[in-house]
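The structure appears below as structure tokens.
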């Protein structure tokens, strides 16, 4: 252990150490402060660097956005030239379509829904949008004006070419293929015009329809006139039920005016359907397209023809029917085809004047084409066919009414003898009508129904003029009706119905006439039988011989007076049948019916007699049959 005085160096060393520690602490504090300041400086420098980097990135992004916006706002010089003053010739249409594609896209890109909201109110954007709209209006005005002049000039060039139309001795089928090819050059242009300004389409559609209407009307008028001029059809006989029977009634059809109508329909209905379909495609109507199957069904006898380009078909196939567009299309179709119906009407009237029965063929042809019109774009063609069918039906009804009037005049004539002339005349008419049928036979069957009904009614009235000969007139005429229509009734159901009706009426008339003849010659015999039948209702057979006038003596007297000279009576009955009969060929069958009816009545008579007078000897049925057979 050190003495007290020896601790001073230690204390001195501790003091020195303490001073060093304090100094170190002071320096450490100073260093800490400097480090804190350095950290703050470094942090500040890092923040500034980050700001600079963000600003640099933002500037790069801004430059990119500005470049993109400039692309939207910049008009390529070549497009501007095409849109403001370029030519619409066929060779420049590719450039024009490219310019339209760009303009459509540019306007769409600057719409509020397709651009960043922060750019919508920018002055540059607003000014460029206004410039694009002005460019659009300029282009649409120029393009519309060009097309409004182009369509009439294209049609005028066709109208000035006489080779496109029928003339004397030459029937020219219309051919619009070249015209449609030229029009298709501007199909895409029309689509762009509609997308840029839909209000410009109506004047363009009217210009197209008006021009094409002039061409089609000229073609149809010349075609119809040449059909009539070159036809070899001659005027047929008009008095079908008047005059001597069999006069002026051709046996078969040689040249029918309906052939001219058929040719007109075959050529122009498919043309009108094609033009309707092409109009719907070409003029960008938002309606369903006419399919190829519908186009071919409009002309059953012709090959299918394409009416629009692939681009038009693809465009139309994406649309569904819009009521407003369909209404506008119908209005344009009416303007396109209006007036053409007059040439069809003139041909129908001409054919009717030459041969009223040609209405049957024309009706069948029209009905066949009418059933083929399914597409809505051919609606006006269907209206035309409906009107033609109505006109043909009215004309034929007029002919049928005239025929009925001629039949009715027989009622006012003097008493008819034999077969009424209108019956064989009707069979000739029916045979001719059957030759004209081309498709549906509704028109003919309705005519048969009306004419035959009148024939039978008038026949019944004619027969009543002389009550004594009612049944003779009826049976002769109904037999003539059956005989003349036998072959046709086997194949025509409507005539078969009236054939059976005539057959029933014939049998009834025969039965009445035969019964009358029998009762005239054997009146006492069958009156006696009738009296027996009446008495048997109230008494037994055994009591009848005891009634007044019914004794065996009375029976023998009646039998003797009725059956004495039987061969003479039967011959007289035959002569009675023969009397006033003009149709000698009916007599054999009528006589056979008479003999059968007499034997049936005589058999019934013998059955009654056997009950009342069982012991009386009477000529048997077999003996009576032998007597009848021997005469």
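Yeah, the Cβs are placed from backbone N, Cα and C, and that goes for glycine too.
Automatic, uncurated: that is what TrEMBL annotation is.
In TrEMBL, the feature region 'Disordered' is placed on 226-253, out of the ranges 142-169, 170-197, 198-225, 226-253. Looking at 295-314, 315-334, 335-354, the stretch flagged in TrEMBL as region 'Disordered' turns out to be 295-314. Mean pLDDT across the domain 'Exocyst complex component Sec3 coiled-coil' (10-99) comes to 81 in this model.
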